[in-house]
Amino acid sequence: RRDVLVLTPWLAPIVWEGTFNRDILNAQYIQKKLVTGVVTFAVKKYWFFIEGFMSSANKYFLAGHQVIFYLFTDNPEQISPIQMAPENRLFVIPVQNHSQWQDTSMSRMDIISRYIRSHFQYEVHYLYSIDIDVQLFEHIGVEIIDALVGTISSWQYNARRESKSYETRTESQAAIPEGEGDFYYTASFYGGSVAEVYKLTTACFKGIMKDRENGIEARWHDESHLNKYLLYHKPTRLLSPEYYWDEEL
């Protein structure tokens, strides 16, 4: 494709429709016998989105390959039985309900980090965090698989660097220095190898806690810390805004 940027300055591919051959990738992936995990959170009113997310992800996310879905919720009894594809599994994991949504949002990094250490590292090779209010309308395949993967925000793909929603207050651990920043990544869809996601979530949670000690909250919470991490730990693959498109656009 000549109409979009397909390579970053550090030579990581940016995945757009039409830039890969899924049949070839599927054949390679199957030979490796890999298992991919998906983490999602349905807390408070967000349990309403579970059915839409799970039915579409079960159909379209790495279809034909082994996927384990980890659904963290404060309302496990509200979940109706979900018919999963033969190669997929679903684990429902109870999680605490925080009074403020920001606290729930920022605690996700800690929860993912802790569960990687205790469970995920023994069960999956790759791990992706996807927001529960997503609905998949097309196949998302093994073209997303790499060591460290970020998704470019659909809202800010064309924004000038100075207009991107980075945290700029220097007292925050998420601060990005003036004139720096590559892309603006959404925290609604990121992932990679279990080892790399562990490093990312651990570092982001440390930054969140340091900010809390200093009485500051990053502009976009865990997403601000994600962007700071990915500035200095370059993703090995980027997903284009097509992978997390906002219907309002």
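Yeah, the Cβs are placed from backbone N, Cα and C, and that goes for glycine too.
Database features (TrEMBL):
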ACT_SITE  E223  active site, nucleophile
BINDING   F41, A42, V43, Y46, D131, I132, D133  UDP-N-acetyl-alpha-D-galactosamine binding site
BINDING   D131, D133  Mn(2+) binding site
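Overlay of TrEMBL feature records on the structure.
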residue : record                                          : Cβ contacts under 8 Å, 6 or more apart
A42     : UDP-N-acetyl-alpha-D-galactosamine binding site : F49, I50, L71, F72, T73, N75, I132
Y46     : UDP-N-acetyl-alpha-D-galactosamine binding site : I132, D133
D131    : UDP-N-acetyl-alpha-D-galactosamine binding site : T40, F41, S188, F189
E223    : active site, nucleophile                        : Y185, T186, A187
Rounded to a whole angstrom, what is the largest C-alpha distance between any two of the residues F41, A42, V43, Y46, D131, I132, D133 that the record assigns to UDP-N-acetyl-alpha-D-galactosamine? 11
With an 8 Å cut-off on Cβ distance to the F41, A42, V43, Y46, D131, I132, D133 Cβ center, who else from the chain surrounds the UDP-N-acetyl-alpha-D-galactosamine site? T40, W47, F49, I50, F53
Around the Cβ of V43 (UDP-N-acetyl-alpha-D-galactosamine binding site), the count of other Cβ atoms that are within 10 Å: 20
Specify the count of other C-beta atoms within 10 Å of the C-beta of I132 (UDP-N-acetyl-alpha-D-galactosamine binding site). 21
So which of the binding-site residues is most packed in, judged by how many other Cβ atoms lie within 10 Å of its Cβ, out of F41, D133? F41
